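Engineer: Sharing the record's features from Swiss-Prot:
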ACT_SITE  ASP11  active site, proton acceptor
BINDING   ASP11, ASP16, VAL124, ASP240  Ca(2+) binding site
BINDING   GLN227, HIS239  substrate binding site
Amino acid sequence: MEKRKIILDCDPGHDDAIAIMMAAKHPAIDLLGITIVAGNQTLDKTLINGLNVCQKLEINVPVYAGMPQPIMRQQIVADNIHGETGLDGPVFEPLTRQAENTHAVKYIIDTLMASDGDITLVPVGPLSNIAVAMRMQPAILPKIREIVLMGGAYGTGNFTPSAEFNIFADPEAARVVFTSGVPLVMMGLDLTNQTVCTPDVIARMERAGGPAGELFSDIMNFTLKTQFENYGLAGGPVHDATCIGYLINPDGIKTQEMYVEVDVNSGPCYGRTVCDELGVLGKPANTKVGITIDTDWFWGLVEECVRGYIKTH
């Protein structure tokens, strides 16, 4: 099995923590580094959350802090979903893990420039780090094997009727990424909302056990509460983890090639990913957009990763 070399760019975040847990453990993934961006909460909080997850699960991967603000717009956070810390729910031991001194954008540029074009970027938060790296050093573009991102929707948004949170948090950054010419795979809400974590799924991961089973339970029990309060849903989607699922086995997720454009005009559609599902514009597709996911396969994959953290000695 080929190991996919990835840099996971995230804004932890409950579903981000599940993505970190999966990416660090599955044998099909070679997690080179974790870069942190502001998004679900401010950068100081998302950085601590990422370090806490790595410390709890003994994930020995370097963590880099990146962009604390969007490129242009005023900052927004998703405290209604992720709480005051950005990862409310779990209780962590005192933090001793530290971030690297290098800025995440510099790390992304340096790592790509030194590579053979075999590294995939996996941004599951706002695209600020990726866009700034592209603008600072355009020579990285041909070095990126693929970008597999969580964001957008070809249907309805979740932060506004038009826009999904990650794109709405920095639409200008998303515009840079979607016009970059790099091969893109987009896991939008239409797909990620199919991965609804119900109490049955939580109980399954608790039975699987180990530190990751405990963390999954603490994280998703909080998510169930906020999803019900905000959207009336009886479960919480694990949006970001779908990107890791796709990288492990793309056959579990059906995609359709579309031309996708990000609306950066101020107005009710600001931050919308306009997906030409029917091909009416006649423009060449620039994105593989996730349509459906085999949920039985997906939860089996999550459980496999959870079990990977159980110590056998």
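Keep in mind that glycine also has a Cβ here, set from the backbone N, Cα and C atoms.
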Engineer: Just the number: how many Å between the Cα atoms of ASP240 (Ca(2+) binding site) and GLN227 (substrate binding site)?
Structural biologist: 15
Engineer: Could you give the Cα-Cα distance between HIS239 (substrate binding site) and ASP16 (Ca(2+) binding site), in whole Å?
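Structural biologist: With the alpha carbons as reference points, the distance is 8 Å.
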Engineer: Between ASP11 (active site, proton acceptor) and VAL124 (Ca(2+) binding site), how many Å separate their Cα atoms?
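Structural biologist: So the Cα of VAL124 (Ca(2+) binding site) lies 7 Å away from that of ASP11 (active site, proton acceptor).
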Engineer: So, in DSSP terms, is ASP16 (Ca(2+) binding site) helix, strand, or coil?
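Structural biologist: Assignment for ASP16 (Ca(2+) binding site) reads helix.
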Engineer: Enumerate the residues of the same chain, ASP11, ASP16, VAL124, ASP240 excluded, that satisfy the criterion Cβ within 8 A of the mean position of the Cβ atoms of the recorded Ca(2+) site; list them in sequence order.
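Structural biologist: Other same-chain residues near the Ca(2+) site: CYS10, PRO12, GLY13, ASP15, ALA19, GLY39, ASN40, GLY125, MET150, ASN166, HIS239.
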Engineer: With H, G and I counted as helix, E and B as strand and the rest as coil, say where DSSP puts GLN227 (substrate binding site).
Structural biologist: helix
Engineer: What whole-number Å value do you get for the CA-CA distance of ASP16 (Ca(2+) binding site) and GLN227 (substrate binding site)?
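Structural biologist: That separation, Cα to Cα, works out to 16 Å.
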Engineer: Near the Cβ of ASP240 (Ca(2+) binding site), how many other Cβ atoms are there if near means within 10 Å?
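Structural biologist: I get 33 for this one.
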Engineer: Would you mind pulling the DSSP three-state label for ASP11 (active site, proton acceptor)?
Structural biologist: coil
Engineer: Between the Cα atoms of VAL124 (Ca(2+) binding site) and GLN227 (substrate binding site), find the distance and write it as a whole number of Å.
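Structural biologist: Counting only the Cα atoms, the answer is 19 Å.
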